[in-house]
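Contents: one structure, followed by commentary.
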Amino acid sequence: MGGFSTNNFKGFVLALLSSGFIGASFIIKKKGLRRAAAVSGVRAGVGGYAYLLEPLWWLGMITMIVGEVANFVAYAFAPAVLVTPLGALSIIVSAVLAQFILKERLHKLGILGCVMCISGSVIIVIHAPQERAISSVQEIWNMATQTAFLLYVGSVVVVVFILIFHFAPQCGSTNVLVFTGICSLMGSLSVMSVKALGTSLKLTFEGKNQLIFPETWFFMVVVAICVITQMNYLNKALDTFNTAVVSPIYYVMFTSLTILASVIMFKDWDGQSGGSIISEICGFIVVLSGTILLNVTKDYEGSSFRGIYHPPLSPSLSARLCSGNGELLKHDEENLVSSDEICLRRQELY
């Protein structure tokens, strides 16, 4: 079993705080959106921007940013195998707070999904590998330029280009895997760069200045490119497909590819026993199953006009920003229901 080192503990606590802040931010922003829509009469989903003048919405945005900063720092202390799957806990925080604050009912199967996410996370934490001690950004650069990881990066770039220039024009609007695939592949590279950049900044704050090395700035540029690409194609995915479909697929692909990239680049599983590795994989599968159950339950509840709020389940800032104001939620079906149901549906969307 992987030892739970001091750095792992710090990363674990920061990841928990991140999920707490991010989960709470969705509820705060939703209350702000409701208040703004009540005042202006135009909700965000149909082009209203009154929420920009609503302090509660900005409080939610600040809360989310605090959570993202905590998540960023967590990668500097703990391996991605530990930090990334814990992003699923943010949806539990949102679901629980929505029940008590927004009076939105959490289905019994949703409760089971929450329990599964927590149980899987505990398994991952217990068996997580220790974080490798890194002394300089050049050491990270050597990891990033090893043959195995360069092959992974090359494969990702090739597949992304094929998806963007060949498949996206042909079936991007009909196959959810195209846009989410681009987001997930680029996301795995962005997390590796975030971890490299975060580690460099941590070393700098400890007195070992890494800002003088070009590698630090290179990783910063890669983070920017990857996040912008993610944001662009996640916007397309959310604008084209149902959020309840995009969220679990994106979470599965993003987390799986991120863990794979981390195992290749940082060799997270080196020195671990086969039992610990299998336990981590099982824990991830349990978290994954709980996540899907939560989203399926919400989709079912939403079809009955009693659904609870379901934020995008992405561990990345780009995903949360893309649908944070609800502008991408679909509402075409409102013309097909009665006026009472329209009012209720609108309430749930903003």
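The backbone N, Cα and C atoms fix where each Cβ goes, and this holds for glycine too.
TrEMBL does not curate its annotations; it predicts them automatically.
Taken verbatim from TrEMBL:
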TRANSMEM  12-28  transmembrane segment
TRANSMEM  49-66  transmembrane segment
TRANSMEM  72-97  transmembrane segment
TRANSMEM  109-129  transmembrane segment
TRANSMEM  149-169  transmembrane segment
TRANSMEM  176-197  transmembrane segment
TRANSMEM  217-234  transmembrane segment
TRANSMEM  241-265  transmembrane segment
TRANSMEM  277-296  transmembrane segment
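Per-stretch counts of Cβ pairs under 8 Å to the transmembrane segment (49-66) identify 12-28 as the leading one among 12-28, 72-97, 109-129. Long-range contacts of the transmembrane segment (12-28) within the same chain, counting only residues at least 6 positions beyond its ends with a Cβ under 8 Å from a Cβ of the stretch, are 4, 56-57, 59-61, 63-64, 66-68, 70-71, 73-74, 77-78, 82-83, 86-94, 97-98, 101-102, 125, 128, 309, 311, 320, 324. Residues 1-2, 4, 8, 12, 78-79, 81-82, 85-86, 88-89, 91-92, 95-96, 268-269, 271-272, 276-277, 279-280, 282-294, 296-298, 301, 308 of the same chain, all 6+ positions outside the transmembrane segment (109-129), place their C-beta atoms under 8 angstroms from a C-beta of that stretch. Only sequence-distant pairs (6 or more apart) were considered; of these, at least three Cβ pairs between the transmembrane segment (277-296) and the transmembrane segment (72-97) are under 8 A, so the stretches are in contact. Non-local neighbours of the transmembrane segment (149-169) in the same chain are 143, 175, 178-179, 181-182, 185-186, 188-189, 229, 260-261, 264-265; each lies 6+ residues outside the stretch with a CB under 8 Å from one of its CB atoms. Packing against the transmembrane segment (176-197) from elsewhere in the chain are residues 72, 75-76, 80, 84, 137, 140, 144, 153, 156, 159-160, 163-164, 167-168, 216, 219-220, 222-223, 226-227, 229-230, 233-234, 236-237, 240-241, 245-246, 249-250, 253-254, 257-258, 260-262, 265-266, 314-316, 318-319: each is 6 or more residues past its ends and has a CB under 8 Å from a CB in it.
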